[in-house]
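Right, one structure below, let's go through it.
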Amino acid sequence: MKTTIILILLTHWVYSQNPTSGNNTATLCLGHHAVANGTLVKTITDDQIEVTNATELVQSISIGKICNNSYRVLDGRNCTLIDAMLGDPHCDVFQYENWDLFIERSSASSNCYPYDIPDYASLRSIVASSGTLEFTAEGFTWTGVTQNGRSGACKRGSADSFFSRLNWLTKSGNSYPTLNVTMPNNNNFDKLYIWGIHHPSSNNEQTKLYIQESGRVTVSTKRSQQTIIPNIGSRPWVRGQSGRISIYWTIVKPGDILIINSNGNLVAPRGYFKLRTGKSSVMRSDAPIDTCVSECITPNGSIPNDKPFQNVNKVTYGKCPKYIRQNTLKLATGMRNVPEKQIRGIFGAIAGFIENGWEGMVDGWYGFRYQNSEGTGQAGDLKSTQAAIDQINGKLNRVIERTNEKFHQIEKEFSEVEGRIQDLEKYVEDTKIDLWSYNAELLVALENQHTIDLTDAEMNKLFEKTRRQLRENAEDMGGGCFKIYHKCDNACIGSIRNGTYDHYIYRDEALNNRFQIKGVELKSGYKDWILWISFAISCFLICVVLLGFIMWACQKGNIRCNICI
């Protein structure tokens with residue numbers, strides 16, 4: 001019986017020795033911010049990894065209207081840019097206008113003599129980039145012909161008229177002499193001359209207007225020469241006309257000379273447009289124009305340019321995000337998110353960063369949770385938090401700087417005879433978009449990987465900094481926590497946080513407590529052995545006592561045992 005009592009007391013003494021139950025130790029855990037529901041981003045190593053915060057990088061919608069600030073936006077209304085340049089009567093309001101962006105509407109149409117421009121896209125681009133319809137008339141001398149031809153297909157008011165920037169020349173009497181006119185460029189800028197040739201609908205119309213059965217127009221400079229012969233024949237009727245005019249253009253450099261030679265069918269220039277170099281453009285759009293501010297315009301409307309990428313439209317003007325095919329790309333602006341697990345008592349509540357993050361941290365991304373003689377508490381670490389934020393801040397701006405186009409992406413137009421060129425251009429544009437889409441995804445994945453790595457590194461730096469401060473005064477419990485072997489009140493915890501902790505002050509106390517605790521602290525394996533040994537001895541003693549009682553009772557006659565065979 002004495003042995004049993006001794007073993008029971010020994011077992012009770014072993015389990016009563018809880019090193020953390022007194023006031024001479026403390027527990028300190030390091031952790032990081034977490035949220036209940038994070039955002040999934042893509043990195044180089046993971047297609048989906050959860051972070052506490054992320055920023056969308058792809059602008060996918062427009063504001064639905066075109067802002068007239070920060071650019072001069074000119075609404076073409078029912079006129080195309082070329083009609084306004086030629087002087088179509090219903091476009092007279094646009095003479096001498098200036099613009100950064102000329103908006104052509106889908107409802108725009110010509111309202112004069114039907115024409116075509118063999119190199120329409122190039123002329124439209126040249127005029128659009130010039131940003132002005134500034135026109136200067138010149139004194140061309142056309143001897144022996146009738147000037148200012150008119151047509152019922154081109155009404156100015158109720159009267160027959162013609163394009164105001166062109167001079168339709170026809171016979172005078174019964175003659176149309178050969179014309180040979182020169183015009184030098186003595187200015188220091190390029191001059192754009194617009195001219196044309198008339199294609200009559202029949203031979204009868206040809207001789208009626210020009211006498212000769214076939215005319216010819218040759219326009220030359222020192223650098224180029226164009227000779228055009230009319231194609232006589234009936235065409236589909238447009239505004240009462242089956243004839244056509246083909247419009248051509250010639251640029252005369254400073255010091256060069258314009259020479260026009262013709263014996264019929266000439267639609268002559270009246271002067272020149274002054275070409276300017278700039279970043280003006282033209283865009284087809286039906287979006288309304290309104291008073292607002294935006295640095296990026298698409299046919300769908302203006303879009304903000306605070307994101308590096310957009311998938312609203314390939315055609316843009318201004319300082320615009322790069323067009324890509326992806327609908328979404330998210331840039332990590334927070335750390336890896338490990339939602340906090342269910343609390344498992346007081347020690348589970350202060351589990352360290354290795355196990356999970358901490359929700360509800362409001363004073364930093366990284367911090368401390370502790371338990372000491374004064375209770376429990378939590379505090380953020382501003383220095384490590386600021387170090388991480390400083391490295392993440394500016395990531396978005398750097399991505400925008402790398403990708404935003406500082407120029408406009410104009411529309412591409414080609415005639416039917418240039419179909420192969422159009423196919424090639426489309427292939428090149430599609431390849432560029434595919435390449436940029438891939439580059440964008442790769443760039444964001446790299447940045448996300450860097451963000452997660454650097455935030456993890458800041459957590460590790462804080463842990464190592466704390467370990468170096470505590471030295472032998474504490475023991476790494478694993479999971480991001482330390483057991484401090486001396487009394488550490490809130491002021492002591494504060495000194496660890498701000499880096500002023502002096503381990504020499506607590507060294508003797510910590511060593512003494514460590515030795516005392518270690519002297520009586522039994523490992524879980526030894527405790528198990530003692531339990532099994534005490535259990536076995538107790539069972540043996542109980543059996544001995546029970547057997548002795550039975551034998552004693554048998555001797556006294558109180559118990560009789562019959563054995564039958």
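Including glycine, each Cβ sits where the backbone N, Cα and C put it.
As annotated in Swiss-Prot, Cys296 shares a disulfide bond with Cys320, one of the listed residues Cys154, Cys320. If you draw a 10 Å sphere around the CB of Cys91 (disulfide bond), it holds 27 other CB atoms from the protein chains shown. Listed disulfide-bonded residues near Asn78 (N-linked glycosylation site): none (candidates Cys112, Cys320, Cys488; Cα-Cα distance within 10 Å). For Cys112 (disulfide bond), the nearest of the recorded positions by C-alpha distance turns out to be Asn180; the candidates were Cys67, Asn180, Cys488, Cys492. In this structure, the C-alpha atom of Asn498 (N-linked glycosylation site) lies 10 angstrom from that of Cys492 (disulfide bond). Model confidence over the topological domain 'Extracellular' (17-529) stands at 87, taken as the mean pLDDT rounded to a whole number.
Cys91 (disulfide bond) carries a helical DSSP state (H, G or I). In three-state terms derived from DSSP, Asn53 (N-linked glycosylation site) belongs to neither a helical nor a strand segment and is classed as coil. A C-beta separation below 8 Å, combined with a sequence spacing of at least six in one chain, links Cys154 (disulfide bond) to Asp88, Pro89, Asn111, Cys112, Tyr113, Asp160, Ser161, Phe162, Phe163, Arg239.
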